[in-house]
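To start, the structure under review is shown below, and the notes come after it.
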Amino acid sequence: MFINRWLFSTNHKDIGTLYMIFGAWAGMVGTGLSILIRAELGQPGSLLGDDQIYNVVVTAHAFVMIFFMVMPIMIGGFGNWLVPLMIGAPDMAFPRMNNMSFWLLPPSFLLLLSSSMVEAGAGTGWTVYPPLAGNLAHAGASVDLTIFSLHLAGVSSILGAINFITTIINMKPPAITQYQTPLFVWSVMITAVLLLLSLPVLAAGITMLLTDRNLNTTFFDPAGGGDPILYQHLFWFFGHPEVYILILPGFGMISHIVTYYSGKKEPFGYMGMVWAMMSIGFLGFIVWAHHMFTVGMDVDTRAYFTSATMIIAIPTGVKVFSWLATLHGGNIKWSPAMLWALGFIFLFTIGGLTGIVLSNSSLDIVLHDTYYVVAHFHYVLSMGAVFAIMGGFVHWFPLFTGYTLNDTWAKIHFTIMFVGVNMTFFPQHFLGLAGMPRRYSDYPDAYTTWNTISSMGSFISLTAVILMVFIIWEALASKRVVKSIPLTSTNLEWMHGCPPPFHTFEEPAFIKSSIK
């Protein structure tokens, strides 16, 4: 029974739960790695050993957080749980493929972990640039194992993307159009399209790297007529859409949370929100070379990528101001989920502003590969994606489990996390402006003060992570059941009670639409 339910599952709720548990576990691994990084950088001098082991930790931290924490939780966990409920579908379009998408992840994770245990590990950074990732600078199996890990994670995501696109397009009730589906459903569909279009390019790039390393090809080796810059183009054509893949489902969740706790029936500017997400998805594909301003592109190319990158700020601004407009005049309930959403809006906006700074190719020449970039993307990921995940988790926890969290503990947890991440990443802007480069395990004494503060902040965040484990335990142990959830036209996922039955919408849903 246990094996049939959890190993061979074809139920979107169970698979969503598996994704959540896997993502939470991977998140702890990733947090542990980040603590190692900050412990090393907490003061000058060496802690872990040489820079190779340090860079292996940095690389693993990035891969674990991106491919095994944020994506499985947002797309696999929340996506699987909520999309069928929100559109009134009995399950996903391809339930067995859904199961395979999940079970490709543990082997992928295993390959990534084993890559750090053989030879010297893959100390390439998550970008895996040749020639550093070639078979001279990284002899041995480490990088090959990392590449295979990425292949598996990529196949998992592509299959999941196909599944979500098919589900969302084909499994809505006949009465509703795509423009009547909730914003979270939209965000997952756009994310799935981005995955489907970008991951094959990554697969091509890392497969060429694999053959360069093992089969004597020279795709990225100038000695044989190749070009390492080609790899960078292929990688970032995936890598930039990837960062939007990480944040778009968060946009969808934040829209739901802000609407719900403002006491509104619908988010402000629904069509504008949809348009903004589609624009971000499209523009995300034509700005990739802003990661490569230092490789010697000519001035016209840099001018284009600077302008195109700045244009993304417009749809992003539409979203931020629409969230603020949704709040406006509302009867605001200061629940923990609302705090996460407000924290998201504030900190994501700061991250966006530093992104606008970095989009200037001339400035980026100076700031590229400094801690300013690290601060920028951790503001949008560690405080954008993670805050959205936390907000979504505390908001939908009663739906997933049938139990309520302790409000006071949840608010304390938010406060500790908020202080921790800001103390960790705000000083890194100063380090970057002062010229401290990324991916080094040591630094001149002049950088000590801000690094020490940053490392203290990371330990505060660690206590928040540990407290969250306690909060979830407390909720599951106390078993406070949900009384009732006020239903509006925009939160139909609660319709079947908390938690919903194993099978929902076994008969096709009938939607009586009053939208003109």
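Cβ from N, Cα, C; glycine included.
When Swiss-Prot records Glu40, Gly45 as binding Na(+), the matching candidate from Ser362, Ser382, Ser441 it lists for that site is Ser441. Binding of Cu cation is attributed by Swiss-Prot to His290, His291, and the same site annotation extends, among His233, His240, His376, to His240.
Going by Swiss-Prot, the topological domain containing Leu7 carries a different name from the one containing Val295, and the two residues are therefore on opposite sides of the membrane. Contact between the transmembrane segment (407-433) and the transmembrane segment (228-261) is not supported, since fewer than 3 Cβ pairs fall under 8 Å when only residues 6 or more apart in sequence are counted. Excluding the listed site residues His240, His290, His291, the same chain places Trp236, Gly239, Val287, Trp288, Ala289, Met292, Phe305, Thr309 with Cβ atoms within 8 Å of the centre of the Cu cation site Cβ atoms. Among 51-86, 228-261, 299-327, 336-357, 447-478, 51-86 has the largest number of CB pairs under 8 A with the transmembrane segment (12-40). Among the binding-site residues His61, His240, Tyr244, His376, His378, none has a Cα sitting within 10 Å of the Cα of His368 (Mg(2+) binding site). Counting residues 6+ beyond its ends, the topological domain 'Mitochondrial intermembrane' (41-50) has Cβ neighbours under 8 Å at 57, 441-445, 448, 451-452, 454-456 in the same chain.
Counting only same-chain residues 6+ beyond the ends of the topological domain 'Mitochondrial intermembrane' (358-370), those with a CB under 8 A from a CB of the stretch are 290, 293-294, 302-303, 305-306, 309-310, 376, 431-433, 435-439. By a simple count of nearby Cβ atoms, those within 10 Å, the most crowded of the binding-site residues His61, His240 is His240.
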